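> For reference, the structure I am asking about is given below.
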Amino acid sequence: MHVYIIKLVCITCQLHSISGTNRTDFDGTDFDFYVISLLLSCFYMVVLFPLGLVGNVLILLVNSDPRQRASNPDVYFTNLALADLVLVLDSLIEVFNLSAHYYDNALLCTCMALFLQVHMYSSVFFLTWMSLDRCVALTGLSPRAMHADGSAARRVCTAIWAAAIACTLLPFAAAHARHGWGRGFCFAGMAEVQWLEVTLGFAVPFCVMGVCYSLIGRVLLRSERPRRAKALRMIVTTVGVFFACWLPENVFISTHLLSGTAEPLRRRRNGTLWQQYPLLGHVVTLAACANSCLNPLVYGLLGQTFRRKLKLFLEHHVHCLHMQPPHVTHMRLHAR
């Protein structure tokens, strides 16, 4: 195993040397960081990436099965899985970008930032709406018919995706209208855009979810229905995983912005926290990417409805694979 790791280190060093980062420029400490970061990235690639890829695809397939009725939470989780799948596929560039040289390429940096921000906003908006939806349902503040209408859930999902895209494209357009399309410029590196990420993508939803779950907790203390607690546990755990993964990233970005040393058009250049604490910066990046890989696991383990639908889905398709139509068998016998 160590032979393959050494080969991967050498190959990655050669790839980064093409971008201007040569292996001989590393001192001992830098190379130790490089190897540790590469090992962490390999762990993500071997363990978390397959989990996120298979898990999110499975959620999309199961909840899109026309033979099974999708509830409103199923519709929300399906859209959350779609957003997570985008980040899982996009994360391989981020977790192996140890020298951060793609930030110097305006086109690549912009594409990465667009995918990452759309995922972040859509994920947090879906989780926030799910908290509001459960809060309203458990506290009895809305008509029951509203929660039984699947078309209403689809309209909500469309609005959430539109809001996530708007929160990404509006700062993108404003930044480039002001600074142009110069080489090395990436709109995500602007302090205003990063403050918007921290505020609208984390701090405000955190407050909203805190209020929702405090109200839900009061209702559950008076509730005698264990099924309510089970449904709530799945949502609380999903939201908890989200914040455990994204809190370090947002604290890191906030500290970077408050330090006053940030260059306005650069994010990971000399003098930033990513350069001063590269290993810590890489760890918080991996933690943020891991959220999209862990959501399917949390959803599958705690969601009894999803486990039942998954069992029916697998039984149906396994049965279809093993079932041989009689006319096909008859044709094969005559062919011999």
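Numbers run from 1 along the shown chain.
Cβ from N, Cα, C; glycine included.
Automated prediction, rather than curation, is the source of TrEMBL annotations.
What TrEMBL shows for this protein is this:
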- 55-299: domain 'G-protein coupled receptors family 1 profile' (DOMAIN)
- 33-62: transmembrane segment (TRANSMEM)
- 74-93: transmembrane segment (TRANSMEM)
- 105-132: transmembrane segment (TRANSMEM)
- 152-175: transmembrane segment (TRANSMEM)
- 195-220: transmembrane segment (TRANSMEM)
- 232-259: transmembrane segment (TRANSMEM)
- 279-302: transmembrane segment (TRANSMEM)
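Help me picture these features in the structure, burial and contacts included.
Tertiary proximity for the transmembrane segment (105-132) is limited to same-chain residues at least six positions away from its ends with a CB under 8 Å from its CB atoms, namely 73, 76, 79-80, 83-84, 86-87, 90, 93-94, 156-157, 160-161, 163-165, 167-169, 172, 181-189, 197, 200-202, 205, 208-209, 212-213, 235, 238-239, 242, 246, 291-292.
Counting only same-chain residues 6+ beyond the ends of the transmembrane segment (279-302), those with a CB under 8 A from a CB of the stretch are 33, 36-37, 40-41, 44, 48-49, 51-52, 54-56, 58-59, 77, 80-81, 83-85, 87-88, 91, 94-95, 98, 119, 123, 230, 233-234, 237-238, 241-242, 244-246, 248-249, 251-252, 268, 273, 310.
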> Which residues, given as numbers and ranges, are at least 6 beyond the ends of the transmembrane segment (232-259) yet have a Cβ under 8 Å from it?
73, 120, 123-124, 127, 130-131, 134, 138, 191, 194-195, 197-198, 201-203, 206, 209, 213, 216, 220, 272-274, 280-281, 283-285, 287-288, 290-291, 294-295, 298-299, 302-303
> Among 33-62, 74-93, 152-175, which stretch has the most Cβ pairs under 8 Å to the transmembrane segment (195-220)?
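Stretch with maximum Cβ contacts: 152-175.
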> Report, as numbers and ranges, which residues of the same chain sit near the transmembrane segment (74-93): CB under 8 Å and 6 or more residues beyond its ends.
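For the transmembrane segment (74-93), the nonlocal Cβ contacts are 44-45, 49, 52-53, 55-57, 59-60, 63-64, 102, 112, 115-116, 118-119, 122-123, 126-127, 129-130, 133, 150, 153-154, 156-157, 160-161, 164, 289, 291-293, 295-296, 299, 303, 305-306.
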> In terms of Cβ proximity under 8 Å, which residues at least six beyond the ends of the transmembrane segment (33-62) contact it?
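Here the qualifying positions are 5, 8-9, 12-13, 26, 68, 77-78, 81-82, 84-85, 88-89, 91-92, 95-96, 98, 278-279, 282-283, 286, 289-290, 292-297, 299-300, 306, 309-310, 313.
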